[in-house]
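Participant: Please find one structure pasted underneath; my questions will follow.
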Amino acid sequence: MLARAGLLCASLSPPHAANPCCSNPCQNQGVCMSIGFDQYMCDCSRTGFYGENCSTPEFLTRVKLLLKPTPNTVHYILTHFKGVWNIVNKIPFLADVIMKYVRTSRSHCIEPPPTYNVHYAYKSWEAFSNLSYYTRALPPVADDCPTPMGVKGKKELPDSKEIVEKFLLRRKFIPDPQGTNMMFAFFAQHFTHQFFKTDHKRGPGFTKGLGHGVDLSHVYGETLDRQHKLRLFKDGKMKYQVIDGEVYPPTVKDTQVEMIYPPHVPEHLRFAVGQEVFGLVPGLMMYATIWLREHNRVCDVLKQEQGEWDDERLFRRSRLILIGETIKIVIEDYVRHLSGYHFSLKFDPELLFNQQFQYQNRIAAEFNTLYHWHPLLPDTLQIDDQEYNFQQFVYNNSILLEHGLTQFGESFSRQIAGRVAGGRNVPAAVQQEQRASIDQSRQMKYQSLNEYRKRFSVKPYASFEELTGEKEMAGELKALYQDIDAMELYPALLVEKPRPDAIFGETMVEIGAPFSLKGLMGNPICSPDYWKPSHFGGEVGFKIINTASIQSLICNNVKGCPFTAFSVQDPQLTKTVTINGSSSHSGLDDINPTVLLKERSTEL
């Protein structure tokens, strides 16, 4: 009888209130800690703010905020006044001061050690020490919050299929006004697959890329066993084969390395490289081949200079050199193109030697998610005088052999890529991948777009119209999400209004840039103990790094030294649509190469 009375009382008692931290009351990176079931406390330690919700700035913080320009103002200054920047670029001292500020201001947004992960919304030793997790910039939304975004918005998020079809799917190809080309698009995909290696068997919050940065595991393999299978063990070189007088990767049969190929791909076209998914498209295999050639070329240079070195030292030093080349190309060619700055970004690790800087990195799940730049893809790929749709291009290394690297480089440098921001520019062939990106973001319980904007010191949007810069999509988004503070991160990045004549909107840049620069400059080779000629084979190896560029990489390894850049050189191409709209390729809906990719190991 007493037990029944107890149960009755329990059923009549009011339920516990929602977790008080669900409303994200603590501002300016203050840490919310619940007290009991209905109260909270904000820890404002070292935020520069105080008060119940860490919303009142200290004196020095107030001064800094008054003097600090908005991100859009900084972007405007750096992308205009070309004559002034040409002068600045020629004054080393002044250029170094600005470059140091760019690096530190961005990198300090990502302070090590890592903080949260998909399972821990609070600091824990597991979140710090377990390298198999992606870290997180913001903790996941708590399970006991009333809505998926905390307290704002509806209790259920809209169907991801509806989001993709209404706001993301391409109606007509929109070229990137910055002139980004397919040489850039495939470089981005190839480069990032060394650290974006989601372990889908364990879930989207886990990674197989335990190096968490630029380690060139996509060239050499993630494990020592894979690396050994790819090595020649002579003069430091990697295995290769010669076809029609040119060097290409060895085959799976010759190396016994696991690669992902469908059964119909013949043995002689099953090339084996460091990253198991690079057989997906010839654009990835193009860069895999270029870096294979570069490694063996550097080995020859070091062998000539250091004849007494054995195979192991030649291999290890060459790998360090290629890591350095990669970082330099990414900063000075890749990031500079994306930024659109007239200021010349420079790779010089010594600029940070007198700064407080930690040479370590942990890849964040949000960084992985925001890098899903599928709008870059055109509806067809043009190589020389031939046009290939997705069905013809995927898992078809014969195209690489047919055209050769020279034609690939020339053609991809000429073909413009799509604009990423602005919405409605994702090709039909990868729409399922877009759904997967949204669904996995929900599985990892990302906080809202505005919470991420606040985390990276960007003013939150006040309305959907402010987000999109127009009325149609804004109205439809409001009907689905109800509140701008409930807008999801990933779809928002793709529908956000682009900056003027730019590929991205504000949020993509302000979140992505800190992750990128911290990952690049936090590499061990950039540290004072590593950054010495003696660790790279002397002055000869050091010079290879310090003179590297995308053009020199191609010239040193591709016959004829074709002109190469990350943007098309004809300005008219950035103003006109050059590729057919997706409606003419609606039959591609049934092919989904990126889902094949996801099922095995990684993301496009």
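Every residue, even glycine, has its Cβ placed from backbone N, Cα and C.
Checked Swiss-Prot, it gives:
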ACT_SITE  His193  active site, proton acceptor
ACT_SITE  Tyr371  active site, for cyclooxygenase activity
BINDING   Arg106, Tyr341  substrate binding site
BINDING   His374  heme b binding site
DISULFID  Cys21-Cys32  disulfide bond
DISULFID  Cys22-Cys145  disulfide bond
DISULFID  Cys26-Cys42  disulfide bond
DISULFID  Cys44-Cys54  disulfide bond
DISULFID  Cys555-Cys561  disulfide bond
DOMAIN    18-55  domain 'EGF-like'
CARBOHYD  Asn53  N-linked glycosylation site
CARBOHYD  Asn130  N-linked glycosylation site
CARBOHYD  Asn396  N-linked glycosylation site
CARBOHYD  Asn580  N-linked glycosylation site
SIGNAL    1-17  signal peptide
SITE      Ser516  site 'Aspirin-acetylated serine'
Participant: Looking only at the domain 'EGF-like' (18-55), report the model's average pLDDT.
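Facilitator: Summing pLDDT over the domain 'EGF-like' (18-55) and dividing by its length gives 96.
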Participant: Do you know the DSSP helix, strand and coil residue counts for the domain 'EGF-like' (18-55)?
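Facilitator: The domain 'EGF-like' (18-55) comes out at 4 helix, 12 strand, 22 coil.
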Participant: How many other Cβ atoms sit within 10 Å of the Cβ of Tyr341 (substrate binding site)?
Facilitator: 17
Participant: Are there any residues in the same chain, six or more apart in sequence, whose C-beta is under 8 angstroms from the C-beta of Asn53 (N-linked glycosylation site), and if so which?
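Facilitator: Listed in sequence order: Pro25, Cys26, Gln27, Gly30, Cys42.
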Participant: Just give me the nearest neighbour of Cys54 (disulfide bond) among the recorded positions Cys32, Arg106, Tyr371, Ser516, Cα to Cα.
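Facilitator: Comparing Cα positions, the closest of these recorded positions turns out to be Cys32.
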Participant: Going by a 10 angstroms cut-off between Cβ atoms, which of the disulfide-bonded residues Cys21, Cys22, Cys44, Cys145, Cys555 has the sparsest surroundings?
Facilitator: Cys555
Participant: So of all those recorded positions, Cys22, Tyr371, Ser516, which one's Cα sits nearest to Tyr341 (substrate binding site)?
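Facilitator: The answer is Ser516.
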Participant: Cα-Cα separation of Ser516 (site 'Aspirin-acetylated serine') and Arg106 (substrate binding site), in Å?
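Facilitator: Pair distance, Cα basis, whole Å: 9 Å.
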Participant: Provide, as an integer number of angstrom, the distance between the C-alpha atoms of the residue listed as 'active site, proton acceptor' and Tyr371 (active site, for cyclooxygenase activity).
Facilitator: 11
Participant: Roughly how many Å separate the Cα of Asn130 (N-linked glycosylation site) from that of Tyr371 (active site, for cyclooxygenase activity), to the nearest whole number?
Facilitator: 23
